[in-house]
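Quick notes on the structure that follows.
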Amino acid sequence: MTQAAEADGAVKVVGDDITNNLSLVRDEVADTAAKVDPEQVAVLARQIVQPGRVFVAGAGRSGLVLRMAAMRLMHFGLTVHVAGDTTTPAISAGDLLLVASGSGTTSGVVKSAETAKKAGARIAAFTTNPDSPLAGLADAVVIIPAAQKTDHGSHISRQYAGSLFEQVLFVVTEAVFQSLWDHTEVEAEELWTRHANLE
């Protein structure tokens, strides 16, 4: 225990802990994002704006990040669906499935990719593992060189589980949206008209 632990065993977080860990997260995200191949991301971005609908699928925290990406792509004017939602239609030929799995082996995500492939849809994937089943199914792959969630004690990250992958996934999807938007003359006010008004 450090000074953050009191004599009775209760943990007392102090300001220095937060400062140090903000720096830790910031530096790990910056270092890892800098190692992502921008050409891989550009190929994925071009897949997104091809004709067809966009579907997103991911488990756990990766899935939550892709939900955020789906929201931005909806703001951009694309037709976007989240796999598993009750109103999500069947994927079909010409559509794109955007998936994320740190390991590239998450069973539900791989199964979704296999189903989409059989339907004639395109697959774009984010993963840490270029040799994974998910990467093998994908038409476009972005490798995020972060630790996998089961890689405890990794030299890549001091953070728990798949945190670094999920953080960089968020940053990369935000960069994709920003890059797509940069190539239009659409004002923020127009994007805002698509924002949910039933909140």
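Quick reminder: no glycine exception, Cβ is built from N, Cα and C everywhere.
Among the features that Swiss-Prot reports, active site, proton acceptor is placed at Glu166. Its Cβ placed at the centre, Glu166 (active site, proton acceptor) has 23 other Cβ atoms within 10 Å.
Feature annotation from Swiss-Prot assigns substrate binding site to Ser62, Ser101, Gly102, Ser103, Gly104, Thr105, Thr106. In the three-state DSSP scheme, Gly102 (substrate binding site) is classed as coil. Neighbours of Gly102 (substrate binding site), defined as other CB atoms within 10 A of its CB across all chains, total 30.
Per Swiss-Prot, domain 'SIS' is recorded for 44-186. The DSSP breakdown of the domain 'SIS' (44-186), given as helix, strand and coil counts, is 59 helix, 23 strand, 61 coil.
If you measure from the Cα atom of Ser101 (substrate binding site) to that of Glu166 (active site, proton acceptor), you get 9 Å. Regional average pLDDT for the domain 'SIS' (44-186) in the model is 94.
Among the binding-site residues Gly102, Ser103, Gly104, Thr105, Thr106, the ones whose Cα sits within 10 Å of the Cα of Glu166 (active site, proton acceptor) are Gly102. Within 10 Å of the Cβ of Ser103 (substrate binding site) there are 19 other Cβ atoms, across all protein chains.
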